[in-house]
Amino acid sequence: MSAMLLIEQALNGLQYGIMLFLMAAGLTLVFGVMGLINLAHGSLYMLGAFACAAVAAATGSFWLGLVASLAAAAAAGALIELSVIRRLYARDHLDQVLATFALILILSEGTRWLFGSFPLYLDIPAALSGPVRLPGGIDYPLYRLALIGFGLAVAAGLFLLIGRTRLGIRIRAGEADREMIAALGVDISRLYTLVFALGAALAGLAGALVGALQSVQVGMGEPVLILAFVVIVIGGIGSIRGALFGALLVGMTDTLGRALLPVAFATVLPPAEAGSVGAALASMLIYILMAGVLVIRPGGLFGRA
Amino acid sequence: MAFKATLLAAGAALALAGSAAADPVKVGMITTLSGGGASLGIDTRDGFMLAVEAAANPDLTVVIEDDQQKPEIAVQLADKLIQSDKVDVLTGIVWSNLAMAVVPAATAQGKTYLSTNAAPSQLAGKGCNPGYFSVSYQNDNLHEAAGAYAATAGIKRAFIMAPNYPAGKDSLSGFKRFYEGEVVSEVYTQLGQTDYAGEIAQIRASGADGVFIFLPGGMGISFVKQYADSGVGLPLIGPAFSFDQSILQAMGDAAVGVLNGANWSPDLDTAANATFVESFRAAYGRLPSVYAAYGYDTANLLLSAMAKAPVSDAEAFRAALKEADFASVRGKFSFAPSNHPIQDLYVREVVKEGDIYTNKIVGTAMTDRGNPYEDACKM
């Protein structure tokens, strides 16, 4: 395997990790601040993609679609928090899992009812389509480069929001001691609605950005949801920094594992078997990574052990 | 969700017909109507019901159930259809793993199963059964068509790729069976994978001059869009599942020019096909997919057998089915001894007509093709 290919695969891993981060950031925020396991996070991701595809199809502009995905997912998030999630804070995690699982079914069938069963069309904007030549002669899709930049910008924005703003102070305080900040006069229920809507908007944004590369269809959120849970467990539940490192680690491990393992096995096995064994092991790799991290640091890399 | 499509008030119709030969047939359709794979089941149902409604045979009743693409639900539904609805014939399953869970038990209970899609090798070879008919194909066929045609299409060094699960492995071995070029790399991806940047980088570096993929449903949409955007630009070939009517609109321009192996196409030049495509479009406002075509053929096969023998005489009814005395939308159609089709296989190219993306036949890959498991079938 040439150095060029290795660099290209590393870029792919980076881009994949950044996308996972957008998804995991919302999930970890909601879990950290509100103590809520939200299985419906994947449905909000799907909702963002559908909103973007529908608006892009109607107006011809991907960028308007992107705005619509943020708005639709945030609105849906706020609505869900007010109508369903609010009743679950005092319950145990099992009740939360049950209720948010019901939300997955409702949102999936609702989306099918609205948009039909056939996958929707959503293409990347013309300005970002096609490959560009990087220094060193690698042809790399411009859209994926833009995703890396955009994801890093969102990550920076989130760190500023959490670390430098009044809202961020409240979110961190809510994480540390919710009774105390309620006693200090912060409207905790409004804070929760806001945090949930923020998490939903991040998921919706990820859905729209990734939807342009993949297929916009009912059920697209669940596979990503599982990976997002792996990411936040590795990173430490509730930690945005952990989500970023966890996402990059999972993205790199998965992409490089898929690229390198079959090649490595090919040195000792016949090619057909090497491909099959390599692929099987590559698909296990991130779970092995998760188990390894949990053995060494049971609270995750950046979690409170 | 269960609904009954009773076509006419059977009693009134029977009184009108007044014929003693009428032997009512009850069909149980188990197919996928919700979840990510619903578009396939919906097309199967719509194609089947189009033929049923056109025939308006008062003796035929259809009960339709949704399996949610889950084997355990399919098994429960089959039990319910057989025991409480007392159906005579089962049909409609899209996925091979669901078919494996339902078909052997149903045929063991003396029911007849007509497959509108899934036809795993286990049911073609050693596991063949007089009560099991595959109206669609044997699973390997469309991959074989792609393999047989790839060299003709100028692909001498192929990069081949499929998900790492039984149907994916069958796909690649089906492709290689008649491929005359060289396979430079054979890659298995994760089932349900949505990001193919890594594989596309491997394709670019592999020195191949063409790519064969079997990535059904959303996986194919993801790959084709990402592949088109990567600028690799090598010719792409696959089985019809990856480039079907139900997903082409979601791929858009990225799919134009892709070749795919099939046994049916909307532009296939037979009288029955012209009628089918026209009436499907009139009834549902969209072009039919291969799944709709198989559903339509299955219903017409069933109707042809009903006209020849009573369903209560299983042996005579199955013999009538085996004659395949119906006008298939595929033109030539007959059953091999294993109850799997002998038919022509084609290669189609994705084209854009007006605003609609669809397939056109560009060549015949194989004529009168049966299946490689025929010899293992003893019945």
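Every residue gets a Cβ built from N, Cα and C, even glycine.
In TrEMBL, annotation is done automatically, which means it is predicted and not curated.
According to TrEMBL, the protein carries these features:
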TRANSMEM  A:14-37  transmembrane segment
TRANSMEM  A:44-64  transmembrane segment
TRANSMEM  A:70-89  transmembrane segment
TRANSMEM  A:101-122  transmembrane segment
TRANSMEM  A:142-162  transmembrane segment
TRANSMEM  A:191-213  transmembrane segment
TRANSMEM  A:225-249  transmembrane segment
TRANSMEM  A:256-272  transmembrane segment
TRANSMEM  A:278-296  transmembrane segment
Exercise for the section: Tally Cβ pairs under 8 Å between the transmembrane segment (A:101-122) and each listed stretch (A:14-37, A:191-213, A:256-272, A:278-296), then give the stretch with the top tally. Expected result: A:191-213
Fill in the blank from the handout: Given the transmembrane segment (A:44-64), its same-chain partners at Cβ distance under 8 Å and 6+ residues beyond its ends are 23, 26, 70-73, 76-77, 107-108, 111, 115, 120-125, 199-200, 203-208, 210-212, 216, 218-221, 224-225
Handout entry: Range from A:142-162, A:256-272, A:278-296 with most C-beta pairs under 8 A to the transmembrane segment (A:225-249)
Key = A:278-296
Handout entry: Same-chain residues near the transmembrane segment (A:256-272), Cβ under 8 Å, at least 6 residues beyond its ends
Key = 1, 5-6, 9-10, 13, 278-279, 281-282, 285-286
Completion exercise
Note: vs the transmembrane segment (A:142-162), the recorded stretch with the largest number of Cβ pairs under 8 Å from A:14-37, A:70-89, A:191-213, A:278-296 is A:14-37
Completion exercise
If one takes Cβ-Cβ under 8 Å and requires six or more residues beyond its ends, the residues near the transmembrane segment (A:278-296) are 227, 230, 233-234, 249-250, 253-254, 257-258, 261-266
